[in-house]
Structure formats: structure tokens, C-alpha cells
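S.K.: Have a look at the structure that comes next, please.
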Amino acid sequence: MAKMSSSKASNGSRKNSELLPFAVHVVRGRWFSVFASFLIMAGAGATYLFGVYSKQIKSSLGYDQTTLNLLGFFKDLGANVGVLSGLIGEVTPTWFVLLIGSAMNFAGYFMIWLAVTAKIPKPKVWHMCLYICIGANSQNFANTGALVTCVKNFPASRGVMLGLLKGFTGLSGAIFTQIYLAVYGNNSKSMILLIAWLPAALSVVFVYTIRPMKLVRQPNELRVFYHFLYVSIALALFLMAMIIVQKQVTFSQAAYAGSVTVVCVFLFVPLGIAIREELLLWNLKKQPVDPPTELTMEKVPQTIEAKEDALPSNSSKEQKQDTKISCFADIFNKPERGEDYTILQALLSIDMLILFIATLCGLGSSLTAVDNLGQIGESLGYPTKTISSFVSLVSIWNYFGRVFSGFVSESLLVKWKVPRPLMMTLVLLLSCAGHLLIAFPAPGSVYVASVIIGFSFGAQLPLLFAIISELFGLKYYSTLFNCGQLASPLGSYILNVKVTGMLYDREALKELAKKGMARSSVKELICLGSQCYRLAFTILASITFFGALVSLVLVIRTREFYKGDIYKKFTEEAEDA
């Protein structure tokens with residue numbers, strides 16, 4: 001009995017002694033890094049909530065629609081001009097990038113909250129533009145820190161990885177809406193405070209767990225990503241159910257708290273999956289290795305000698321290449337598609353120009369639609385609660401678009417060699433239908449338009465990021481994927497401020513003139529009726545269709561490249577490792 005009790009005690013102490021090293025192994029592992037990235041990306045979508053709190057900015061500060069759309073442009077400018085974060089990411093560690101993003105997020109949105117709640121004197125318009133630009137720009141630091149690192153850690157599953165990560169960003173709007181209703185009640189000013197502190201806190205908590213790691217290819221890697229997908233789909237469906245129920249039933253504060261608890265459980269289920277995978281790796285490391293036989297002992301020294309002879313020559317070749325090629329050398333002597341382009345080689349290529357035009361048309365139009373959704377609902381006579389439902393629907397279908405484009409385009413590419421740019425063409429054609437539903441509305445058509453625009457908007461980003469990584473390589477991906485987004489704010493400025501905002505204000509001024517009133521007699525310029533956005537969204541639909549035709553050119557140019565094995569280099573590297 002004494003022996004049995006002593007053996008049980010020794011087993012218990014052995015388990016306890018292994019618990020701490022295993023916990024360290026989990027926190028430092030690739031899968032925990034993926035879980036941490038999911039949470040950071042789920043907090044990096046505050047820009048998509050502009051439709052919820054923009055009405056508060058407009059009424060509190062007395063802006064007209066053109067001024068509000070100017071703010072929307074600076075929000076999109078900050079969200080999409082991530083070149084600075086990319087360049088910083090090239091030369092600094094990931095933790096530094098995440099900390100900068102955290103500080104910028106809090107500073108930008110906290111100042112907007114102070115202005116809207118009149119805790120500081122009314123700021124000038126350019127001050128507000130600066131605040132929202134800084135706050136929105138912080139999401140690029142989250143992207144560079146979390147998303148780029150994950151793509152480099154899982155290069156052979158990049159489409160799936162991008163779809164999941166950007167999918168969680170797409171869900172962030174609906175997640176934040178549930179949290180602010182539970183914590184602050186139906187007060188959209190407090191939403192601005194929530195998006196100031198929560199994403200900043202997430203980046204600080206996980207700042208040291210996200211970092212580049214040694215390239216390893218697990219046989220069950222894709223299966224694990226599908227498990228993450230199922231959890232995220234369950235979360236999206238729950239959020240959609242909550243949006244529908246909350247529209248029909250008045251929720252108490254306790255009921256909102258209950259829904260947020262369920263949301264948090266779904267967000268932390270990937271942690272369990274990460275621990276499971278790290279436990280499998282931990283047990284594999286502990287398995288004893290079979291002693292070498294005489295036959296293998298005879299062969300091993302020769303193999304080692306051969307590898308030792310080969311290593312210096314390979315490393316010297318790489319060193320020569322690094323010394324020969326810099327970011328500013330051989331600009332017009334471009335490598336083959338799929339190889340590592342320098343920054344200028346990629347930026348000055350025809351493929352990047354085509355992507356730029358397609359993104360300007362597609363994402364520019366989609367951003368304009370999302371930013372104006374609150375005012376669209378108001379002009380068509382929908383109540384405030386219903387308008388919030390439109391924004392949440394965009395957020396959730398944004399998620400479905402992202403994971404769909406990531407997983408489906410990856411599956412089509414691997415199985416049937418379908419070029420990824422073809423998926424972008426189809427998505428842009430779908431987006432045209434959403435714009436036309438707003439231009440020529442029918443009863444309830446804004447619900448359908450919200451779903452289509454959310455889905456197509458979400459689907460474009462993972463496709464854009466994956467295409468850039470495939471055509472131009474991963475060496476300067478931190479900078480190149482941020483450069484790829486530059487067309488988006490330019491398109492947003494032209495289409496949102498110079499087209500949609502001005503056409504809306506023109507219709508609103510016509511209404512005032514019919515009533516015999518002048519602009520100076522009203523604080524807020526409001527247009528009511530289906531004519532407010534008809535011409536603007538007809539133009540957006542036409543421009544998006546042009547973008548689809550441009551992206552079709554890239555399909556033709558890259559069809560031979562996508563017929564080959566574009567992941568061959570990474571699978572060979574993983575096998576060698």
C-alpha cells in the first residue's frame with residue numbers, strides 16, 4: 001500500500017512538473033499564436049462601425065453629409081494606407097508593431113469620444129479628420145503584426161488563413177455591437193469609447209505571443225483550420241440570430257449580458273483547439289526515437305558530410321543574391337511570377353496596376369455603400385433600430401464573404417487550378433447587383449442589399465491579399481499587401497466624397513428649396529426619399545462593373561501561372577525542415 005501511494009504521489013508530482021513546461025510550450029506555439037491573432041483581428045474592425053456612430057458625430061457637431069463623408073474618407077485613408085506599418089514591420093519585431101497600433105487606436109478614438117460628448121471644445125473639421133485617420137490606421141498595425149505573421153507561419157495554407165483572420169475582422173462589428181449594448185445600453189456615443197479601449201487592450205495582452213516561427217508543415221493542418229472555420233461559422237450564425245431576435249423583442253441589460261457571454265465562449269473555443277494541437281506536438285516530442293541500425297549508421301556520416309559540403313555553397317549563393325539585389329535594384333528586370341519581387345519591382349508591374357484599378361473600383365464602391373448605410377436607411381424611412389440591423393448584417397455577411405473567398409478560392413485553386421483573380425471578377429459582378437438594389441429600392445430591398453454588399457466587400461480583401469502574396473512572393477509581403485490597399489481610400493474619396501456626398505447634398509438642397517428654406521436655416525442637411533441615392537448608386541454599379549472587366553484581364557494574364565504548383569517551394573522547405 002505504501003508503495004502504491006508513493007507511486008501515485010510521484011506520478012502526480014511528475015504531472016505537475018510537466019504542466020508548467022507544457023503551458024509555456026502552448027503559449028509559445030504556432031497554434032496559440034493563431035488563436036491570439038483571431039482575437040486581435042476580431043478587435044481590428046472598428047472602421048466598419050462608422051455607420052453606427054456617424055449619426056452621432058453628424059448631429060453632435062452639426063456636420064452636413066459632405067463633411068461627414070470627408071470624415072469617412074479620412075477613416076478609409078487611415079484604414080488602408082498601411083505602408084508605414086509595413087515598412088516598420090520589415091525592420092522591427094512584431095511586438096513593437098502591435099504596441100504602436102494599440103497606442104494609435106486608443107489615442108484616435110478616445111479623442112473622437114471626447115469631442116462627441118463635449119468634454120473638450122468643438123474641434124475643427126481637420127482635427128476630427130486627423131483623429132479618425134490615426135484611430136483607423138491602427139488596424140494596419142494589427143494586420144501587419146498578426147495577419148502577415150500568420151501567413152508567413154502557414155504559407156501553404158495562406159488562402160484559408162487570410163479568409164479566417166479577415167473573417168474575424170468582418171465579425172467584429174456585430175461583436176462590438178453586442179458588447180456595447182450589454183455594457184453601455186443603447187448609447188452609440190459609448191460605442192466610440194468601447195472601440196477606443198478594447199482593441200488596444202487585446203493587442204497589449206497578446207503582444208509577445210505573435211511572432212514568426214520555424215516553417216513546419218503538419219499533415220492535419222487543413223483539418224485544424226476547418227475546425228476553426230466551424231467555430232467561427234457557429235459564432236456568425238449566433239450573432240445573426242441575435243440581430244433578428246433583438247429586432248423583434250426588446251432585450252433587457254441582463255439578456256444582452258447573456259448573449260455576450262455566449263459570444264465570448266465561441267471566441268475562446270479556438271483556444272481549446274490550439275491546446276489540443278499543441279498537446280499532440282508535445283507528445284510527439286516526448287516519444288522515444290528508435291536506435292539507429294548498423295545499416296543506417298553506415299549511411300548517416302556520408303549524408304551528413306554531403307550536406308555539410310553543400311551548405312556553405314548554398315548559403316554563399318543566398319548571401320550573394322542578398323548583396324546583389326536590394327529594394328531599389330533591378331526594377332525592370334523582374335523575376336518570374338511567384339518569386340520574391342522587390343518592393344519597386346512589384347509596385348511598377350502591370351499586374352499590380354491591374355489590381356490597383358480593380359481595387360479602386362470594387363473596394364472604393366463597397367466602402368462608399370457601407371459608410372452611407374445609416375443615411376440610406378434614414379432616407380428610405382427605416383427606424384434607427386432597423387438601421388443598426390443593416391450595419392450588423394453587413395458585418396456578418398462581410399465575415400461570410402471573407403471565409404468563403406478564402407476557403408473556396410483555395411479549394412478551387414488546389415483541385416482544379418482555377419485562377420484566384422477569376423473569383424475576384426465574380427465577386428465584383430455580384431457587388432453590382434447590391435448597388436442597383438439601393439439605386440432602385442423596393443420594400444425591404446435594403447436588407448438584401450446589405451447582405452450582398454457585405455458579402456462582396458468581405459470577399460474582396462482575402463482575394464487581394466492572397467493574389468499579392470502569390471504573384472510577388474513573401475519576402476516584402478508586409479509592405480506589399482499594405483501597398484495593395486492604397487487604391488481603396490482613393491476610390492472611397494472620389495466615389496464617397498466627390499460623387500455620393502455631393503449628389504446627396506444636392507438632392508437635400510432641392511427639398512429645402514421646395515419648402516422655401518435656405519441651408520443656413522437648418523443645422524443638419526437631411527434628404528428623404530428614394531431619389532437621394534439613385535444617381536449615385538447607379539454610378540457606383542457602373543464603376544464596379546468596369547472593375548470586374550479590368551480584373552478579367554488579370555485572369556487572362558495569370559492563367560498559366562495558376563496551372564502550375566504555386567506552393568511547391570513552401571512544401572519542399574517544410575519537408576526539409
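Counting starts with 1 at the first residue shown.
Placement of Cβ uses the backbone N, Cα and C atoms for every residue, glycine included.
A TrEMBL annotation is a machine prediction, not a hand-curated record.
Found this in TrEMBL, in case it helps:
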type	residues	note
DOMAIN	30-274	domain 'Nodulin-like'
TRANSMEM	31-54	transmembrane segment
TRANSMEM	95-116	transmembrane segment
TRANSMEM	162-184	transmembrane segment
TRANSMEM	190-210	transmembrane segment
TRANSMEM	222-244	transmembrane segment
TRANSMEM	256-275	transmembrane segment
TRANSMEM	343-367	transmembrane segment
DOMAIN	347-562	domain 'NFD4 C-terminal'
TRANSMEM	421-440	transmembrane segment
TRANSMEM	446-468	transmembrane segment
TRANSMEM	535-556	transmembrane segment
S.K.: With a Cβ cut-off under 8 Å, give me the same-chain residues at least six positions beyond the ends of the transmembrane segment (190-210) that come close to it.
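M.R.: Beyond its ends, the transmembrane segment (190-210) has Cβ neighbours at 27-28, 32-33, 36-37, 39-40, 42-44, 46, 49, 52-53, 56, 94-95, 98-99, 101-103, 105-106, 108-110, 112-113, 116, 135, 138-139, 142, 145-146, 149-150, 176-177, 179-180, 183-184.
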S.K.: Could you tell me what the rest of the chain brings near the transmembrane segment (162-184), counting residues at least six beyond its ends with Cβ under 8 Å?
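M.R.: For the transmembrane segment (162-184), the list is 37-39, 41-46, 48-49, 52, 139, 146-147, 150-151, 190-191, 193-195, 198, 225, 228-229, 232, 235-236, 239-240, 242-243, 246, 251, 253, 256-257, 259-260, 263, 267, 388, 391-392, 394-396, 398-407, 410, 454, 458, 461-462, 465-466.
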S.K.: Mean pLDDT for the domain 'NFD4 C-terminal' (347-562), rounded to an integer?
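M.R.: Its mean pLDDT is 91.
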